[in-house]
Structures are given as C-alpha cells and as structure tokens.
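According to Swiss-Prot, the features are:
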{"type": "COMPBIAS", "residues": "143-155", "note": "compositional bias 'Basic and acidic residues'"}
{"type": "COMPBIAS", "residues": "185-202", "note": "compositional bias 'Basic and acidic residues'"}
{"type": "COMPBIAS", "residues": "232-249", "note": "compositional bias 'Basic and acidic residues'"}
{"type": "MOD_RES", "residues": "350", "note": "phosphoserine"}
{"type": "REGION", "residues": "1-36", "note": "region 'Disordered'"}
{"type": "REGION", "residues": "51-80", "note": "region 'Disordered'"}
{"type": "REGION", "residues": "141-266", "note": "region 'Disordered'"}
C-alpha cells in the first residue's frame, strides 16, 4: 500500500501541450513514489548526527543517475528516488555455547580429578562473560592455581619422606626432636618455686624418717591426736545435746533412787488422763507413765553409746508396776478424793469401797440421783450385806461400768444412776 499523489504533484508532473517530447516523457516508466518512512529516512541526515552518514556523505547525494540522453525538466521525480537507510550498529553480547559444548565441559569437569576442576566455578566455566569479568576473575584463578600447586608439592614431599622413613631401618632414624613448651617468665618463676618447695619438703621428710629410724621406740614422741575442726554452730549444738543428755541421766537416776528407797504404799497416786473420743464411748482412764526422752535425746544417747545397767532397768519396771497397782488400788481417783475418803478405807479385801465411791461421786454429780431408788440397791441393804473378797479384774470392770453409767446419766438427767454392781 502506497500513498496517493496530491493534485499539485499531478499538475506539475503533467507535461505542457506544446512540448513535442511530452509524450515520450509520459510513456517512460517513472520510479514509484516514496512512502512516509522513506521520506523520513531521506531527511534524517539533516537533524541526526551519524558517523555512518558523515562518512558516506549526505543522504541527498545518493540519487539514481539519469541517462545521458534523457533530460527531465521536472526535478521532482529524481528527488523521489529511494535512498539507503542508515542503521546504527548495535554491539551484541556473545552467544551462549550450545548444549553440546556444555555437555562436553560438564563431562570433563566430572572426569577430571585435579584441584583445578574443583576450584574453578562451574557457572564461570560454562557461561562466558564479558572481558571485564574475565579480567576480574583472572587474579583469583591464578591465586587458587598457585595454592593448589603448593599443596600438591607439599603432599608429594611428605609422601616421599614417609616412604623413605619406612624403607630404612629404625637404627638409622634420627632421634625425635623434643617438643619444648614456651612459657612466660611468670610461669617459669612459679614452676621454679613449686619445684624448690617440693624438694625442700622431700628433704625434710627424708631427714625426719631417717632420724626416727635411728633412735629407739622409747624416745619417740607420742602421736599427735587428730582433732576435727568444727564450726561454732556445730560446737554449740553438740554442747547442748551433751547437757540435755546429762540432765536426763541425772533425772532418771534420782527418780530410780527415790523409788527404790520408799515403799510402794507411800507413792502418790497418779493423775488419770481422761480422753473423750465420742459421747457414745466411755472415759479412757490411763495411768500416769513417766515421760521418756525425746527422739533427739534418744538418738544422741544412742550415738554416745549410753547403756542402761540391769539395776536401772529393774527399778524402772518396778516403778511402773507400783504406779499401776496404785491406780487400781485407788480406783483411778484423784488424790484429793482419796484423801477425803481416807487411804485406810481402800483395801483389797473390802467391798465398802464401792459404797464410799458411790456416795462421794453422787454428792459431786449434778444428776437427780436418789438414794432410795426402785431399780438400784439401797444403802441399808448394802450395809447389811456381808463383805466378800473380789478379784482385782472384777472390781475394775465394775468401776469402769459404773463410770460409764455416770457419764450417760450426766448427759441425760432423766436417767437414774446406780452404784457399782
């Protein structure tokens, strides 16, 4: 597709009527009209500085030469002749190697065992860069090659020396060079002082052992006792434990001596300890037993190796038995009650004790107890009864039953109390 000529150009191209050569000019073939791109390329030399245009001359000079016998009156067709287009030279990058070259280089890299193949980068070897990149990489490659060469030479030297040492006998081998550790002056001084002190100590021990071996055993000094160094807190604790142990031993000794000197009848009755578990259970009457040492004191006495004699143990058991007998003799009553009733009234063969106990306890109770009750025994009938001897177990059982009845009557005042059966 080409541009159509304008009316002005057609009028100029039309030859005059009186010209005899107009028909010839009209019949001769004329060059095609230039397109807009061709006209722009022809006018480019006017406003673009190009090395190519300057070397070849202006673009307007490149015109199609006319025939010598043909003369054109109109200069426009010659100006419309196509002119060569000046193009700028573009620097292209080097092309990448084809796949075959890459494959060959990869095979050489894998097959080669030298350090050069392992040191050089695979990417730098495959893809060629510009001249500047090659110049920048060249010193590094040279340094790596030098290091590899030095390493190979060192390994070869060591291999030769080891083979030569293995080939010749041991008698021809040179003596090993001693390894001397370099020490600082302060370290040397400290080591010298330690060596000097060690030598002096050894000399002193040697002299003392020789002197001890030379003189007889009678002249030898007594051995120095080894004293364990204790802290102040440890000393205080041990002193307190010793003091407590001594006080406990003195107390036991005095009590055993006093119990051995006076008879069992003069021993004071123990105070019963009553522990109420629940309203449905009776009182638990327990005799007063001498309180023993605490756990710490027992451990201290055991650690000290304290041993009781046979007489001490027998006195302790006799005291416990005497107190138990006293408890059952006075029916577990308090000492003031026993004094009020009179100690002479408590005898093993008397049944009047039950009556006395009944009368005293009922006077102190808050219950509505009447002496003349229909369910229980009357006081006159008790006095008329003939005393009979009862066992200790039976008497204690009656007393415990009676105490339980008193407790229930105290809780429920409507219930009537009875004396011990």
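Cβ from N, Cα, C; glycine included.
According to DSSP, the secondary structure content of the compositional bias 'Basic and acidic residues' (232-249) in residues is 18 helix, 0 strand, 0 coil.
Taken residue by residue, the compositional bias 'Basic and acidic residues' (143-155) breaks down under DSSP into 13 helix, 0 strand, 0 coil. The helix, strand and coil residue counts that DSSP assigns across the compositional bias 'Basic and acidic residues' (185-202) are 18 helix, 0 strand, 0 coil.
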